[in-house]
């Protein structure tokens, strides 16, 4: 999800998103090198007027252009596999958040606390304040402590949705009758925006997600005040 006047990925707010950005840059460098090499060879052959009548095969060059792509794929596959295992690893979460997708809003439950659950609707344009973002702000934000491991359980009640926060590197499908889970670690305070990333009906574009990251002390105060 791009932001205003920005062609790059969003600034990361978690270690996993940093690793995703590093992998993206790593792969992009390899692709640029391949593009330059292939482009140079094609242009050279296009302007080359020499003909060799007797060169029917070249085992060495065939061996080279078979091995080089394999080595290139290894350089892409190894960091990718490492990142996949990191994204699936779940280590002693402090808090479990349950997210339930509906047409067209989200419900949240803090499973570790009693009676902390709420619905989160997009703020309509006619009710927006001057500091709200159009189609992104909600009436009830998710409040989470930074510098702690968070587990999120995602499901849906009607159709398939997808719970996504780009700056945290999180995208989890919400399937009816199924509970998916992932984890993330927010390493700085702030407000982070996301949206449903699976087409789920007429108002698919109007079910944003907002996370407010605060210190653990302020989070405890928020829990006490909410209770």
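The chain as shown is numbered from 1 upward.
Keep in mind that glycine also has a Cβ here, set from the backbone N, Cα and C atoms.
Taken from Swiss-Prot, the feature Cu cation A1 binding site covers 161, 196, 200, 207, and the record attributes it to similarity to another entry. Taking the Cβ of residue 207 (Cu cation A1 binding site) as centre and 10 Å as the limit, one finds 23 other Cβ atoms among all the protein chains shown.
In the three-state DSSP classification, residue 196 (Cu cation A1 binding site) falls within a strand. With a 10 A radius on its CB, residue 196 (Cu cation A1 binding site) counts 26 other CB atoms from all the protein chains. The Cu cation A2 binding site feature in Swiss-Prot is assigned to 196, 198, 200, 204.
What Swiss-Prot lists as Mg(2+) binding site is 198. Under a cutoff of 8 A between CB atoms, and with a sequence separation of 6+ in the same chain, the neighbours of residue 198 (Cu cation A2 binding site) are 160, 161, 162, 173, 174, 204.
Beyond the ends of the topological domain 'Mitochondrial intermembrane' (1-26), by six or more residues, the same chain brings 76, 79-80, 83, 86-87, 164, 166-170, 184-188, 190, 192-195, 213 to within a C-beta distance below 8 angstroms of the stretch. The feature topological domain 'Mitochondrial intermembrane' is assigned by Swiss-Prot to 1-26 (among others).
The predicted model assigns the topological domain 'Mitochondrial matrix' (52-62) a mean pLDDT of 78. Residues or ranges marked as topological domain 'Mitochondrial matrix' in Swiss-Prot: 52-62.
Marked as topological domain 'Mitochondrial intermembrane' by Swiss-Prot: 82-227 (among others).
Residues annotated as transmembrane segment in Swiss-Prot: 27-51 (among others). Long-range Cβ contacts of the transmembrane segment (27-51) within its own chain (Cβ-Cβ under 8 Å, at least 6 residues beyond either end) map to 72, 75-76.
Sequence annotations record features per position, and here Swiss-Prot assigns transmembrane segment to 63-81 (among others) based on sequence analysis. Cβ atoms under 8 Å from those of the transmembrane segment (63-81) belong to residues 23, 26-27, 30, 34 of the same chain, restricted to positions at least 6 beyond its ends.
Least packed by the Cβ count within 10 Å, out of the binding-site residues 161, 204, is 204.
Close to the recorded Cu cation A1 site, the chain also has 101, 103, 104, 106, 162, 174, 195, 197, 198, 201, 204: residues not among 161, 196, 200, 207 whose Cβ is within 8 Å of the site's Cβ mean position. A Cβ within 8 Å of the Cβ centre of 196, 198, 200, 204, the residues given for Cu cation A2, is found for these other residues of the same chain: 101, 104, 159, 160, 161, 162, 197, 199, 201, 207. In this view, residue 200 (Cu cation A1 binding site) is surrounded by 21 other Cβ atoms within 10 Å of its Cβ, with every protein chain counted.
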